[in-house]
Amino acid sequence: MNKPSSQPRAIYYVVALQIWEYFSFYGMRALLILYLTNQLKYDDNHAYALFSAYCSLVYVTPILGGYLADKVLGNRMAVMLGAFLMAVGHLVLGASEIAPTFLYLSLAIIVCGYGLFKSNISCLLGELYKPEDPRRDGGFSLLYAAGNIGSIVAPIACGYVQEEYSWAMGFALAAIGMIAGLIIFLCGNRHFAHTTGVNKAALHARTFVLPNWCWLLVLLVAAPLLITVLFWKEWSVYALIVATVIGLAVLTKIYRQAQTQKQRKELGLIVVLTFFSMLFWAFAQQGGSSISLYIDRFVNRTILGYEVPTAMFQSVNAFAVMLCGVVLAWLIKESMGGNRTVRIWGKFALGLGLMSAGFCILTVSARLSAAYGHSSMPLMILGLAVMGFAELFIDPVAMSQITRIEIPGVTGVLTGIYMLLSGAIANYLAGVIADQTSQSAFDASGAINYAINAYIDVFDQITWGALACVALVLLIWLYQSLKFRNRPLAVES
């Protein structure tokens, strides 16, 4: 039987857009916690609260974004609209020094754009393959790894521009990246003719007198304003609770929709994977908050007289993802038909194990800081690289399973639910964890002593927590191996 030897041409436009979206999103993210603490002079508690609220709501909106794509917009249009909104949000963020309202409004616009973009970019990629196409896993790993080109360059470029010019210029550069990606994507429109387009019948149908396109416009205006209020009043946790309840209700409905035992098993597998992904990302998302402030305060960042901007360290994680992801995609492709196929539970155990190893290295770094006043940069880079490598064994596996499910018309919503739990809930938990390192309640001397010990405790606890997750995953793997010893447990099954 002939096997396709190359990826669909359309994937390269999807990958290009993903690269620039990563550049835009992670360029801003690398600056945000530092902007809040160093420029706006927020205390650690306030900065962590706003940062985690933003990162949580970013992953709530994909549920609505997935629904709109499934029912009305189609994946391609949803992705383009989301990219446009994110570009606008980054531009508005540059004006946030003028008034706090601009800060909240800009974050709200980015949240809405991300909701339309993030879940549907994966679904758009899934449309390029048939369900059993052996190139699918390689395509998802390629998307995940190649997208990190943007997140490698972004912290370096945005961090440098911010350091040399201004915070506003750093955020503006992130916006330019998103606009560039959108233009490239539009140039490849002809390669997406076979994908799902806008549902014109649904768009022109009337609901409560008005056509649905009018309600869509109202939603695009009202949603950013509502989210702005949530940031301003610090009500985001309530929105998170409501979204979680709705998400679980939708998940229950999808389970009832399943018509075969195979579909129910596939859905059950996705639920378990999502749970472990949630724990993984609660640990990993320390990179943008507590780890970033730890580097800023306790790591010697000087090379040949030049002090490396803290934001640039965000590139280390992404570089590890890109480099190792290309190799992993090749290994999966080469082993697709044989006994060397990487098992799904083995991937998750390895990912969580690497996360534990990464935080173990950070614990050593923090102990050195406590002993000598600062830690070395190479040790920090090693820890971040190990944590970046770990990501390749989590999200690509889970996303590939979601897009393969045979229940019709639910991939967008399932992706949104996955983003809700592994993104929104995980980021909320990450904020709770990061807050344990806050030093705002102490004077300058006491804060330093308290903070370094707090970092040691938090990093050490995450090390052991991730190891406990590895043990649970290995137990599930062993159970599945014994139960289905005569059937392969390959990722594509």
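All positions are counted from 1 along the displayed chain.
Even glycines carry a Cβ here, placed using N, Cα and C.
According to Swiss-Prot, the protein carries these features:
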type: TRANSMEM; residues: 14-34; note: transmembrane segment
type: TRANSMEM; residues: 49-69; note: transmembrane segment
type: TRANSMEM; residues: 91-111; note: transmembrane segment
type: TRANSMEM; residues: 138-158; note: transmembrane segment
type: TRANSMEM; residues: 167-187; note: transmembrane segment
type: TRANSMEM; residues: 212-232; note: transmembrane segment
type: TRANSMEM; residues: 235-255; note: transmembrane segment
type: TRANSMEM; residues: 267-287; note: transmembrane segment
type: TRANSMEM; residues: 312-332; note: transmembrane segment
type: TRANSMEM; residues: 344-364; note: transmembrane segment
type: TRANSMEM; residues: 379-399; note: transmembrane segment
type: TRANSMEM; residues: 413-433; note: transmembrane segment
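Of the candidate ranges 49-69, 138-158, 167-187, 267-287, 413-433, 267-287 contributes the most Cβ pairs within a distance under 8 Å of the transmembrane segment (344-364). Long-range neighbours of the transmembrane segment (91-111) within the same chain, counting only residues 6 or more positions beyond its ends whose Cβ lies under 8 Å from a Cβ of the stretch, are 25, 28, 39-40, 54, 57-58, 60-61, 85, 167-169, 171-172, 175, 223-228, 230-232. For the transmembrane segment (212-232), the list of distant contacts is 50, 53-54, 57, 61, 64, 68, 72, 85, 100-101, 103-105, 107-109, 111-112, 202-206, 238-239: same-chain residues at least six beyond its ends, Cβ to Cβ under 8 Å. Among the stretches 167-187, 235-255, 267-287, the one making the largest number of Cβ pairs under 8 Å with the transmembrane segment (413-433) is 267-287.
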